[in-house]
Amino acid sequence: MMNYNNTTWEICVSNYNYEKSIFISGIIWNISGFCCSLIGIPGHILHIMVLSKQSCPKDPTSLYYIVFTICELIFLIGIFWLWCANMSFVKNDPRDVLSCRIFYCILVGSIALSNLYLAAVSIDRSIMILFPFRYRFIVTQSSVTFRIILILLIVIVLFVPHYFYLQYDAKAKLVLCNFTSSINDKQIHFTSIIHSIIFVFIPSLIVCIGSLVLLKNRHQHRRTHKHSSSSTARRMHKSSVLMFLISLWFFVSLLPALIIEIFVIYDQLFFHEMLCSMRQKIYKILLNCFLICSSVNYSTKFYIHLIVSESFRMNLIQFITCSNLSNASRQLRMKVKNNNEQNINLILKKAPEKVIHI
């Protein structure tokens, strides 16, 4: 409903119960914030310890897993602090203690880094599938380290402007903080669009495409060698299907972040001077949805890696039992090596078909 007077437009929706939506989304956020922190923080700490324990990892992409796990751990700790402040378990809000500028850059910056590193893993995996013979020359330890540092520097540069135009406000409009009154609206709109594209849309799209490439490769291999496919090949095909479904969930779980950015831009462009109490309630609902989806998404990476990776499960068992499973690890490496040799022989003998073991 729109009511007009001499000074302002007031845009409100009187026939929708926003209070009930805020209450329901708040309850879901309080439950999911605690559960995701409870299972996510220990899982990520264990993930980092297991990956760091591996001696001389042959796969350079394992560095990506370490760094984006650290980023997600930082995010989960910040979310847990924010949840404790929301539940009044701690006296001070982290946005008030660290300043909203610093807290926003740490929390959202860690999300951006995690998304970009996960996209980099998908790109390297696609290179492994499309160019199996040149993969080890393209994806090296030094190139992976260089990309990790480059992505970190890009994120830092793009988040520098946030330090100058964000401030703490309980009625925050930009996910966690509010704008300062002196900032230029065009700069806000431009920065929000850039962040939505670079940190949300492009990484999630790359992850989906990479998983689709992997699924197509496994499906072609299974269809070509239908009668001679082993149990390992069938397990690999099931894992690729699972990874594709997970990538779709990753894309869907990031949509609230993209929606809230678009909503902020639209609201600031057209209704910045208009008074409406419902707008703040809409922001609150979107904020709760963003926190819920982000908490679920970034707290489950350890368990996803545990499900889809047989070698990681072996390393985790070795780490937990504190026993020397060198024989089992050697057998697993020999098994992988034999599978790779068989796949390469099939490529050389029958067709230019690209088949790899990931």
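Please read every residue number as a count from 1 along the shown chain.
Placed from the backbone N, Cα and C atoms, the Cβ positions cover glycine too.
For 43-305, the entry in TrEMBL reads domain 'G-protein coupled receptors family 1 profile'. Averaged over the domain 'G-protein coupled receptors family 1 profile' (43-305), the predicted model has a pLDDT of 77.
Long-range contacts of the transmembrane segment (27-51) within the same chain: residues 57, 62, 65-66, 69-70, 72-73, 76-77, 79-80, 82-83, 86-87, 288, 291-292, 295-296, 298-303, 305, 312, 315-316, 319, each at least 6 residues beyond the stretch ends and with a Cβ under 8 Å from a Cβ of the stretch. The annotation transmembrane segment is assigned in TrEMBL to 27-51 (among others).
Long-range neighbours of the transmembrane segment (63-81) within the same chain, counting only residues 6 or more positions beyond its ends whose Cβ lies under 8 Å from a Cβ of the stretch, are 33, 36-37, 40-41, 44-45, 47-48, 51-52, 90, 94, 103, 106-107, 110-111, 113-114, 117-118, 120-121, 124, 141, 144-145, 148, 291, 294-295, 298-299, 301-302, 305. Residues or ranges marked as transmembrane segment in TrEMBL: 63-81 (among others).
For 101-123 (among others), the entry in TrEMBL reads transmembrane segment.
The transmembrane segment annotation in TrEMBL covers 144-165 (among others).
What TrEMBL records for 193-215 (among others) is transmembrane segment.
TrEMBL lists 241-265 (among others) with the feature transmembrane segment.
Nonlocal intrachain contacts for the transmembrane segment (285-304), taken as residues 6+ away from its ends with a CB within less than 8 angstroms of a stretch CB, comprise 18, 21-22, 25-26, 28-29, 32-33, 36-37, 39-41, 43-44, 46-47, 68-69, 72, 75-76, 79, 82, 111, 114, 172, 175-176, 246, 249-250, 252-257, 259-260, 263. According to TrEMBL, the transmembrane segment annotation covers 285-304 (among others).
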Go through the chain and flag residues at least 6 beyond the ends of the transmembrane segment (101-123) whose CB is under 8 A from any CB in it; none is fine as an answer. 61, 64-65, 67-68, 71-72, 74-75, 78-79, 94-95, 147-148, 151-152, 155-156, 159, 162-164, 166-167, 174-177, 195, 198-200, 202-204, 206-207, 209-211, 247, 250, 254, 257, 294, 298
